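What follows is one structure encoded as structure tokens, with my remarks underneath.
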Amino acid sequence: MALRALHDLPAPAKLNLFLHVVGRRDDGYHLLQSVFVPIDWCDTLHLERREDGRLVRHDLGTPLPADDLCLRAARALQAAAGVSLGVDIHIDKRLPAGAGMGGGSSDAATVLLGLNRLWGLHWPRPRLQALALGLGADVPFFVGGRPAWVEGIGERLSPLDLPPMRFAVVKPPAAIETRAIFGSELLRRDTQPAILASFLASDGLQRLAGGFGCNDLQPAAEAVCAEVGEARRWLTQRFGNARMTGSGSAVFARAGNDDASDRTRGSRTGESPAAAAPDGPLQGLPDGWTGRLCRSLGRHPLLDWAADPPGLA
Ligand SMILES: C[C@@](CO)(OP(=O)(O)O)[C@H](O)COP(=O)(O)OP(=O)(O)OC[C@H]1O[C@@H](n2ccc(N)nc2=O)[C@H](O)[C@@H]1O
Ligand SMILES: Nc1ncnc2c1ncn2[C@@H]1O[C@H](COP(=O)(O)OP(=O)(O)O)[C@@H](O)[C@H]1O
């Protein structure tokens, strides 16, 4: 029997553990190297099938732009698949926008994965990812559904088996437009590319955990938005490390590994209360800031809603 609705679909945010700009394409897009990790700070979507072909969005929380990425994703898939069905998309927007956390891109990916199921399309993952790239450079990663080493403008993905990690993530009030940061004169675009195989062979995963690399977009973001530097200092004081994600303005710090010993560590060692705090909202943030203690996700909760070609699963 055909599905009528899919409820409580998560759209997780991502963090860029490092982000290097290694070149620029002729069309102006920048060539990146980065490790992207999904985290458990999410928007929630509900999809209800429509027989009349219309695509309608209903905002349950913070209002979104009229023709947002959810609608653009649904429209692109409807046209490419030649389906006459439509959808009501109900979205509870929880992720801060203009944060570098990929919220809009993740919403688009959740719509693609959800409609793949709701409309009974059974598209394989690479076909969805090719469509996703037309919606934004970050969208193929979320359709990919695993922590990944990311190259090109975001379309070349190599899944990584990372250990579970915890992060403190802080978003100051200011939002940053991605385009503005990539256009900055302060941006260095010539970081030496690493080779994934050599990186992994030389204890790369451990170097990642120890804070490998940097975010090349950070100096440009701190120059246009002082709050990025303030957030970095706030987190560094409490966790001893902090770095911007994507094009900002959110900043994150490693808050230990996600294992049982780590969850009790703070009380035993006298570590800062923030580092020992349970998951959920961070305490003591300046007015207007949002922040949470988050866990990395080893896989997107909807990963299985697109099939991998044999050999890639
Ligand atoms: C910087 C990153 C890193 O994860 O994340 P965010 O900060 O946006 O989350 C992404 O590469 C962003 O991806 P996304 O947000 O999907 O970007 P898009 O909508 O495709 O592009 C917005 C604009 O940014 C610039 N852009 C984007 C990606 C890229 N590799 N080079 C660019 O020069 C282009 O000017 C483009 O017009
Ligand atoms: N579903 C959506 N959620 C959030 N922002 C969206 C969405 N659709 C379109 N946008 C637009 O994309 C911009 C960037 O959004 P977002 O993906 O949250 O940030 P970032 O690219 O910094 O991670 C927003 O300012 C908004 O104008």
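Even glycines carry a Cβ here, placed using N, Cα and C.
Within 10 Å of the C-beta of Lys14 (active site) we count 27 further C-beta atoms, all protein chains included. The active site feature in TrEMBL is assigned to Lys14 (among others).
Non-local neighbourhood of Asp138 (active site): Lys14, Phe36, Gly102, Ser105, Ser106, Gly154, Gly246, each in the same chain, at least six residues away, with C-beta under 8 Å from its C-beta. The annotation active site is assigned in TrEMBL to Asp138 (among others).
When other Cβ atoms within 10 Å of the Cβ of Ser106 (ATP binding site) are tallied across all protein chains shown, the result is 27. Feature annotation from TrEMBL assigns ATP binding site to Pro96, Ala97, Gly98, Ala99, Gly100, Met101, Gly102, Gly103, Gly104, Ser105, Ser106.
Positions annotated as compositional bias 'Basic and acidic residues' by TrEMBL: 256-265.
Per TrEMBL, domain 'GHMP kinase N-terminal' is recorded for 69-145.
As annotated by TrEMBL, domain 'GHMP kinase C-terminal' applies to 204-262.
According to TrEMBL, the feature region 'Disordered' maps to 250-286.
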Residues among the recorded positions Lys14, Pro96, Ser106, Asp138 that border ligand 2 - Cβ under 6 angstroms, in sequence order: none
Contacting recorded positions for ligand 1, chosen from Gly98, Gly102, Asp138 when the Cβ sits under 6 angstroms of any of its atoms: Gly102, Asp138
Spatial neighbours of Gly98 (ATP binding site) that are distant in sequence (at least 6 apart) but have CB under 8 A: Ala174, Ala175, Ile176, Glu177, Ser249
Candidate with the highest Cβ count within 10 Å, taken from the binding-site residues Pro96, Gly100, Gly102, Gly104: Gly100
Sorted by sequence, non-Pro96, Ala97, Gly98, Ala99, Gly100, Met101, Gly102, Gly103, Gly104, Ser105, Ser106 residues with Cβ within 8 Å of centre, ATP: Ala13, Leu95, Gly246
Residues in the domain 'GHMP kinase N-terminal' (69-145) grouped by DSSP into helix, strand and remaining coil: 44 helix, 8 strand, 25 coil
